[in-house]
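I have placed the structure first, in the form of structure tokens, so that the comments after it can refer back to it.
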Amino acid sequence: VRTATPFPMISLFLVFTAFVISNVGHIRPQRTLLAFVSGIFFILSGLSLVVGLVLYISSINDEVMNRPSGSEQYFQYRYGWSFAFAASSFLLKEGAGVMSLYLFTKRYAAEELCRAPPSRGLLRARLSACSGQSGQFLQPGAWPRARSPSDASSDVSIQMTQNYP
């Protein structure tokens, strides 16, 4: 059981580091790469924890298998609530890692669309399509409104009556 103890400790250190890096990476917009790094740390933390759990299970199974056959009928064991919490924390750590990587890819794709191309030599730097719309999602008045089918049909009917001789 002592061989399994360092892995949950390493997992605890990695998840704490991932938590701090994730908060910095998702709060500060210029540090989006930290969101990716935090996802990797969450996944490594979960993998370290599952290695510890597997070592713990295998050490208990080795002890049960090496017992004499006469005393086996009186020996019973079961995993308690702490083992269930450790197994569920593995799932939560892996989910946090996947979500952090997913948020990184979503944010990175959105930033890549709005990034201006670099100027090279004699080429003039052009503005990206998103450069003047930095706060458009913060103001509901700036949101584009979809046209209803009745607006489209009234435009068509107006055009038809104006062109009719």
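Placement of Cβ uses the backbone N, Cα and C atoms for every residue, glycine included.
Lifted from TrEMBL, the feature list:
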COMPBIAS  150-165  compositional bias 'Polar residues'
REGION    140-165  region 'Disordered'
TRANSMEM  6-26  transmembrane segment
TRANSMEM  33-59  transmembrane segment
TRANSMEM  79-105  transmembrane segment
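Distant neighbours of the transmembrane segment (33-59): 1, 3-8, 10-12, 14-15, 17-19, 21-22, 24-26, 83, 86-87, 89-91, 93-94, 96-101, 103-104, 107; these residues of the same chain sit at least 6 beyond its ends, with a Cβ under 8 Å from one of its Cβ atoms. Counting same-chain residues at least six beyond the ends of the transmembrane segment (6-26), those with a Cβ under 8 angstroms from any Cβ of the stretch are 32-39, 41-42, 44-46, 48-49, 51-52, 55, 86, 93, 96-97, 100, 103-104.
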